[in-house]
Amino acid sequence: MAQSSLRLVENPTMDKDKSKAIDAALAQIERAFGKGSIMRLGKGDKVQEVETISTGSLGLDIALGVGGLPRGRVIEIYGPESSGKTTLALHTIAEAQKKGGVCAFVDAEHALDPVYARKLGVNLDDLLISQPDTGEQALEITDTLVRSGAIDVLVVDSVAALTPRAEIEGEMGDQQPGLQARLMSQALRKLTGSISRSNCMVIFINQIRMKIGVMYGSPETTTGGNALKFYASVRLDIRRVSTLKDRDEPIGNSVRVKVVKNKVAPPFKQVEFDIMFGEGVSKVGELIDLGVKAGIVEKSGAWFSYDSQRLGQGRENAKGFLRDNPDIAGRIEAAIRQNMGLVADKILENAVPTAEDYDEGAA
């Protein structure tokens, strides 16, 4: 039996009718909700590139694919205790302040160390800080600051410390399941629109908990339910890899950050860098590591060299040389930035997505 062939017939009259109907609908929407409430994406003003703020880590900026964390988005930074979550958030605040941005810190944990923040480059005189009593109060303050349109970066530290009022007023040991998850879900529904309109970056720091009875897959989960996983444009998993020592004295941690979710660039890239006690992210350490990956810094045995000039024997000596010679460090950084694509490819080579990554990143 012969199959009948389908023939597409162009009907210019139908196309004109559709165009008129769309124009009428657009005009009606703009009258009802205001000009700019709906538009054609490719027409009118030029589509803006994603605005970003540096994380303070050159390697992480490259791994994020757009040169930093995107503005007007929700960001989640999570990981085990003492892995560098707050340090990374404070570095982002410091970078925003360098550009003249106004920043706020909602300290739900009541644990911010102003001395350490100042060492990381944070201008405490211009930093707005709040230490709320309840989760509802913290999120109301967050909503008010975001709606003001004057805040560039706002950090909430942490989701786990956003205790609902009902839990605080109740007795110790009372079972009230789902309170925090419902609180976060409602808050994010309200916040997401104003965050986009005000172009404010909101960073939620989160903690890790263990799921009971998990036989297969990772038993780890983050607090506050699933809403934050869905609303976050970028999710960063930060882990301590090792402790750095000078002889027997601990001087810092080597940490690994994995981009678990990224809505503005390819995800699953990971990068390692040093966080030194009392200093924060070691920029000179990153220049050496990224320079070696990009072929800019040569490594021969234990010796590091750049442009036929020896930097030092051993990584710590090379870091000390760059610290004492900022002009050479600046030239290496400029060369790395010129080869960001190559460095990003090298970073991606080391990141093999797992089933857990796809589960978390799909949110």
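For all residues, glycine too, the Cβ spot is worked out from N, Cα and C.
Worth saying up front: this structure is predicted, and the values here are computed from it rather than measured.
Swiss-Prot annotations:
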type	residues	note
BINDING	G79, P80, E81, S82, S83, G84, K85, T86	ATP binding site
* Asked: Whose Cβ, among the binding-site residues S82, S83, has more other Cβ atoms within 10 Å than any of the rest?
  -> S83
* Sort T86 (ATP binding site) into helix, strand or coil using the DSSP assignment. => helix
* Structure fact -> Minimal Cβ count within 10 Å, across the binding-site residues G79, P80, G84, points to P80
* From the centroid of the CB atoms of G79, P80, E81, S82, S83, G84, K85, T86, the recorded ATP site, which same-chain residues not already listed sit within 8 A by their CB, in sequence order? -> I238, R240
* Asked: Over all shown protein chains, what is the count of other CB atoms within 10 A of the CB belonging to E81 (ATP binding site)?
  -> 8
* Close in space, distant in sequence - T86 (ATP binding site), Cβ under 8 Å, 6 or more apart -> L112, D157, I205
* **Secondary structure of E81 (ATP binding site) (DSSP, helix/strand/coil)** => coil
* Which same-chain residues, if any, lie at least 6 apart from K85 (ATP binding site) yet have Cβ under 8 Å of it -> I77, Y78, G79, D157, S158, I205, N206, I238
